[in-house]
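In Swiss-Prot this protein carries:
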- R37, E38, D42, R150, R151, G152, H153, T154, E174: D-ribulose 5-phosphate binding site (BINDING)
- E38, H153: Mg(2+) 2 binding site (BINDING)
- E38: Mg(2+) 1 binding site (BINDING)
- H136: site 'Essential for catalytic activity' (SITE)
- E174: site 'Essential for catalytic activity' (SITE)
Amino acid sequence: MNQTLLSDFGTPVERVERAIDALRNGRGVMVLDDESRENEGDMVFAAEAMTVEQMALTIRHGSGIVCLCITDERRQQLDLPMMVANNSSQFQTAFTVTIEAAKGVTTGVSAADRLTTIRAAIADNAKPTDLNRPGHVFPLRGQPGGVLSRRGHTEASIDLATLAGYKPAGVLCELTNDDGSMAHAPEVIEFAKLHDMPVVTIDDLAEYRQSQEKKAS
C-alpha cells in the first residue's frame, strides 16, 4: 500500500487506534486491503452500534451487498449453512445463506429493515427461527484468529469491532464510485475525508495485533 496516500491518517499504529476509537464512538471506518489482493476499500461499522443513517449511507455509496461479518460460533448458533459446499471463489470469501429478520421488517430491502435483520442476528439470545432465509443481508463467516489467519475484510471487521469493545460482529460494504466501478485507495481516501472516517489497512491491523500479542506473552 502506498504509504504517502495514507500519511494524512497517521502512522500504522495511529491508524488502527483511530479506527478503534471511531468505532467505539459509533462512527464508521474505511478498511483497505493490499493492492495485490482485491485492492478495494470497505465501509465498516460495528454491528452493535450501527444506525439507520449509517446503513443508508452504506447502501447509497456501496455495492449494495451489505454483509454481516460473524464468527463461526454465531453462524452455528443461528444454524446458517454456508452458501456453497465447495467454495471456489478467488479469496475464499465465506458467504452463508442470506437472511432476513422474521419479525419487524416489510420487504427487507430498506436501510431500517436491513438493520433490523442485523440486530436480530447478533442478539444475545438469537435463535434460528428469528431469521428467514433467503434475505437481503449477506452473512460472512470470519476465520478464527481474525486477520492473523486471513487478511480479509471479513476478519478485519470482526477484529476491529472486538477491539472497540463490541460483540465480534461487523457490517461491511464495498465502496463504489459514482459510475459503478470499484473504489480503490485514492477514491477511498477522498470519501473518508469527506465523511470524517479514519482509514486503516488490513496490514496495519495485522501488525498491530501481532505487536499486542507479543506484549501480552
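Just so it is clear, glycine is given a Cβ too, placed from its N, Cα and C backbone atoms.
The shortest Cα-Cα distance from H136 (site 'Essential for catalytic activity') to any of the binding-site residues (D42, H153, E174) is found for E174.
Sequence-distant neighbours of D42 (D-ribulose 5-phosphate binding site) (same chain, 6+ residues apart, CB-CB distance under 8 A): M30, V31, H153, S157, L172, C173, E174, L175.
H153 (D-ribulose 5-phosphate binding site) is surrounded by 29 other CB atoms, counting those within 10 A of its CB over all protein chains shown. When other Cβ atoms within 10 Å of the Cβ of H136 (site 'Essential for catalytic activity') are tallied across all protein chains shown, the result is 18.
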